[in-house]
Amino acid sequence: MNLAPSTCLLLLFLLDIAQALPVWDEEGHEEGHEEGDGDDFVDITTRILTSNNNTDQLLLEGDLVAPTNRNAMKCWSSSCFWKKASNGLVVIPYVISSEYSGGEVATIEGAMRAFNGKTCIRFVRRTNEYDFISVVSKTGCYSELGRKGGQQELSINRGGCMYSGIIQHELNHALGFQHEQTRSDRDSYVRINWENIIPASAYNFNKHDTNNLNTPYDYSSIMHYGRDAFSIAYGRDSITPIPNPNVPIGQRNGMSRWDITRINVLYNCR
């Protein structure tokens, strides 16, 4: 039986909504959702910037460690990416500091498992590998951009960063991904309200010569700033989506479908 035109339009509308939703895990839970988290409307950027407020680490864009050996905002060469094994998997060794509790370790490793099954990325406990991520609890949530070489720290502060969405965000930085709103084509999708931004923090909104991997701008990306990042005052948005200013940005739960697609494209996952 043929579907009525109105029914077809409804199905297309629902499909469009579904494409913007965060990814769900195999148990049917929303990836990155924190059980019992009462502050459900705080976006990832706000949590990260709040946690990083007192850090003495030199950071770019709020949570990227400023490197000394390359252009911070350029991670296109193969030396910046983690190597793929002959079996097609990108194995990234890690160690987790003993200062974390068992529950905190479970949260960190649960965020790492969000990459399994949907990408070729595999975070594995380090044995004796030279390149590895060291997860530590310093003052703030931050990461290197891409593979640094040797030991590289990824800070997940026990007090302010212990959320799966934040951990996935920082792991994406470690894979080589930048913030969504710094894309070279961002001016077609968001308006930066410079007058509402703390002057000393305005550099965090500079555009970069990014490799967009032939993917569309993603308002729902876990790598997108919230609308009031680095704002001078409550209610003074620093970022406004265009043409529809009501489009949600700065979600807090987990990787979007385009986040996952980009990992698969960048690392040539099969």
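If you go along the chain as it appears here, the first residue is 1 and each next one adds 1.
From the backbone N, Cα and C atoms, a Cβ is placed for every residue, glycine too.
Per Swiss-Prot, the feature signal peptide maps to 1-20.
Marked as domain 'Peptidase M12A' by Swiss-Prot on the basis of sequence analysis: 71-270.
Summarising the annotation, Swiss-Prot assigns disulfide bond to Cys75-Cys80 (among others). Within 10 Å of the C-beta of Cys80 (disulfide bond) there are 17 other C-beta atoms, taking all protein chains into account.
Positions annotated as disulfide bond by Swiss-Prot, on the basis of sequence analysis: Cys120-Cys269 (among others). According to DSSP, Cys269 (disulfide bond) sits in a coil region rather than a helix or strand. Residues near Cys269 (disulfide bond) in space but far in sequence (CB under 8 A, at least 6 apart, same chain), listed by position: Gly88, Val90, Thr119, Cys120, Ile121, Ile263.
Residues near Cys141 (disulfide bond) in space but far in sequence (CB under 8 A, at least 6 apart, same chain), listed by position: Arg47, Ile48, Ser51, Asn52, Asp63, Ser155, Ile156, Asn157, Gly160, Cys161, Ile166, His169, Glu170. The disulfide bond feature in Swiss-Prot is assigned to Cys141-Cys161 (among others); the stated evidence is sequence analysis.
Taken from Swiss-Prot, the feature Zn(2+) binding site applies to His169, His173, His179. If you take the C-beta of His179 (Zn(2+) binding site) and look for same-chain residues 6 or more apart in sequence within under 8 angstroms, you find Glu61, Met223, His224, Tyr225.
Taking the centroid of the Cβ atoms of His169, His173, His179 as the Zn(2+) site, the other same-chain residues with Cβ within 8 Å of it are Glu61, Asp63, Leu64, Ser143, Glu170, Asn172, Phe177, Gln178, Ile222, Met223. Across the residues of the domain 'Peptidase M12A' (71-270), the predicted structure has a mean pLDDT of 93.
By a simple count of nearby Cβ atoms, those within 10 Å, the most crowded of the disulfide-bonded residues Cys120, Cys161 is Cys161. The binding-site residues in question are His169, His173, and the one with the fewest Cβ neighbours inside 10 Å is His173.
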